[in-house]
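Take a look at the structure set out below.
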Amino acid sequence: MASVISRAVRFHDDLEKEKLQEGEESHMEMRAYEMSSEYKHGKDAINKPSSNGRGLSRVFSEDYDAGEILVFDPRGPRINLWNKIFLAACLISLFVDPLFFYLPVAKKEKCIDMSIGLEVSLTIIRTFVDAFYIIHIYIRFQTAYIAPSSRVSGRGELIIDSSKIASNYMKKELWSDLVAALPLPQVLIWAVIPNIKGSEMIASRHVVRLVSIFQYLLRLYLIYPLSSKITKASGVMMEKAWAGAAYYLTLYMLASHVLGSTWYLLSIERQDECWKKACTLQYPHCQYHYLDCQSLSDPNRNAWLKSSNLSGLCDQNSHFFQFGIFDDAVTLEITSSNFLTKYYYCLWWGLRNLSSSGENLLTSTHVAEINFAVIVAILGLVLFALLIGNMQTYLQSTTIRLEEWRIRRTDTERWMHHRQLPHYLKENVRRHDQFRWVATRGVDEEAILRDLPVDLRRDIKRHLCLNLVRQVPLFDQMDDRMLDAICERLKPTLCTPGTCIVREGDPVDEMLFIVRGRLDSCTTNGGRTGFFNTCRIGSGDFCGEELLPWALDPRPTAVLPSSTRTVRAITEVEAFALIAEDLKFVAAQFRRLHSKQLRQTFRFYSHQWRTWAACFIQAAWFRYKRMKETNEVKEKENLMMMSNVKYYGNDDSQYFSAPLQVPKGSSYSMYSGKLVGSLRRGRSMRYGSELDMLGTLRKPIEPDFNDDGD
């Protein structure tokens, strides 16, 4: 907005400024400052009125703070939460309104009365539910709407001007919401009906029924746009599969509840028609207002009731009147039962006939009764199909991956049978598929991460892999940017027990960072006889470090390095793999990896360097032992020669004059010579072969650190 306002500000040149007076100049500068500061930020433009008295009327949803203004974003979380709350209130209202049909009660005195206790309870509940409709109207006056002209580009601009919001709402949806919020049943049963007497009492019941049905249909209609708003905001009506199935089952039960209450009201009407027909035969002794319980104190009514045969004429066994599908209400005296009894029976009647599409309904020739049976049959077909279809959709969403895994496993079994794989290979394949399903439940993590934005994908990878990568001492010394680059390129890997990760001598194409499980790493130094080195690696360890010198080489080659060890899984293993090309990319992009500070860390934690260091120390120790034992043999030889001189000498002068001379050909001289030779040959044979074997062990290739900038 600042750029738009800047076009309206006139910039004067130096000549014009000289002509201006000092007061006018300062006034213009202050004016320009006020205009630029007014539209400096979107939030300021909303909170502060403009200089010409007009406020900002439209804005994008991300350009204002919803906590500082009293206009709600229709796509925001608050409106979405309120829509869900209001939807629950609407469902409660749809459940409460049919209960007004249970107000008429057939008394034993052959009259129809209203249940006062039920009237009070329903009035309280209905008034509480109506309050949500009033609150909804108020919220709609405070909710912005999207400008129709801006929908062609992106999400559109929000109209936040209160007058425009009110005008738009009053033109479209206010009147339907207002009629739906009116407490019409309460007004009728408490203010209108008690003031009606005589023959108009019977007609008033029809008015209550028609008004209730009209408002009920209107509230039922308002649920569909409300559900569509929730679906647009969150993508689905219910996030959980069981919640979606329960939602449609609730709607089906609600339809059964409505049909049952309607059937009860029509049963009351049919029974009243039977009484009217009998009353017509006894005219003028019988009047229609006698059928209302307000006339119980009338002595003429009591005299007529004693003389009439009303009970026999309106009995279910009489052929005077056909009750048709309402025969159960008369036979079981449902119309004169208490509320819980008649409610549950009517609910069962509605559910039974809705599920069977009205197959068991035996109607009479009454037109209204036949129409009601037709409506029951049609609603039963439609609603039952919708219930089964939606519940199947929601329930299948929980097992669809399991079915996909079963189909894939069946295809695998057919392929293995077609290729005639041996039994042990089949078992390995089955074990791998089972372990993969248990570990992932058929979810492709890589596909999920690929669909996410780059920053969110980086954060998730960092959360999953950073602690694991930091457990590797070689990578713990790297900076955060390098660790993020490594984490982004790690891919999950699963291994079953007995899986050979890499064999000695095979090209190494990836590094593995172990998350869970144990592996066995061994080497024979290229298959040399008598050489074997083994170790165990587990959680937090890594293997495939032969790739590091290859990745750090400033003159890379296309030939991958050969593995110096055989790595095999002992238990079920979960790991992250870093392939050779990704490691090469990280090494090329981040020069920190070439730091000389990593040299000792790399040597200490590398199994290849550890093996070479152990062999180097053993070779040095063997050389030291051979030199030490050679010196000991020489000392023993000198002592033996000294003892020979002492043995053959006769006097002291001879003993000291030739201390190292031994008569040749003597038996002791020959024995001592053989003994010394055998000792030398034994020591040489013992350490010679080991030194030869260890001496031929090649030193691992060391990373090139010549290009670092330290």
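Keep in mind that glycine also has a Cβ here, set from the backbone N, Cα and C atoms.
Annotated in Swiss-Prot:
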{"type": "BINDING", "residues": "474-559", "note": "nucleoside 3',5'-cyclic phosphate binding site"}
{"type": "TRANSMEM", "residues": "85-105", "note": "transmembrane segment"}
{"type": "TRANSMEM", "residues": "115-135", "note": "transmembrane segment"}
{"type": "TRANSMEM", "residues": "174-194", "note": "transmembrane segment"}
{"type": "TRANSMEM", "residues": "207-226", "note": "transmembrane segment"}
{"type": "TRANSMEM", "residues": "248-268", "note": "transmembrane segment"}
{"type": "TRANSMEM", "residues": "368-388", "note": "transmembrane segment"}
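Positions of the features from Swiss-Prot, shown on the structure.
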residue: Ala485; record: nucleoside 3',5'-cyclic phosphate binding site; DSSP class: helix
residue: Thr496; record: nucleoside 3',5'-cyclic phosphate binding site; DSSP class: coil
residue: Pro507; record: nucleoside 3',5'-cyclic phosphate binding site; DSSP class: strand
residue: Arg518; record: nucleoside 3',5'-cyclic phosphate binding site; DSSP class: coil
residue: Gly540; record: nucleoside 3',5'-cyclic phosphate binding site; DSSP class: coil
residue: Ala551; record: nucleoside 3',5'-cyclic phosphate binding site; DSSP class: helix
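Stretch with the most C-beta contacts under 8 angstroms to the transmembrane segment (248-268), considering only 85-105, 174-194, 207-226, 368-388: 85-105.
Within 10 Å of the Cβ of Pro507 (nucleoside 3',5'-cyclic phosphate binding site) there are 13 other Cβ atoms, across all protein chains. Sequence-distant neighbours of the transmembrane segment (85-105) (same chain, 6+ residues past either end, Cβ-Cβ under 8 Å): 112-115, 118-119, 122, 125-126, 129-130, 132-133, 136, 185, 189, 205, 208-209, 212, 215-216, 219-220, 222-223, 226-227, 230, 250, 254, 257-258, 261-262, 264-265, 268, 335-336, 339, 342-343, 346. Just so you know, the Cβ of Gly540 (nucleoside 3',5'-cyclic phosphate binding site) picks up 15 other Cβ atoms within 10 Å once every protein chain is counted. One residue stands out among the binding-site residues Ala485, Ala551 for having the most other Cβ atoms within 10 Å of its Cβ: Ala551. Taking Cβ-Cβ distances under 8 Å and a sequence separation of 6 or more, the neighbours of Arg518 (nucleoside 3',5'-cyclic phosphate binding site) in its chain are Arg536, Ile537, Gly538, Ala569, Ile570, Thr571, Val573.
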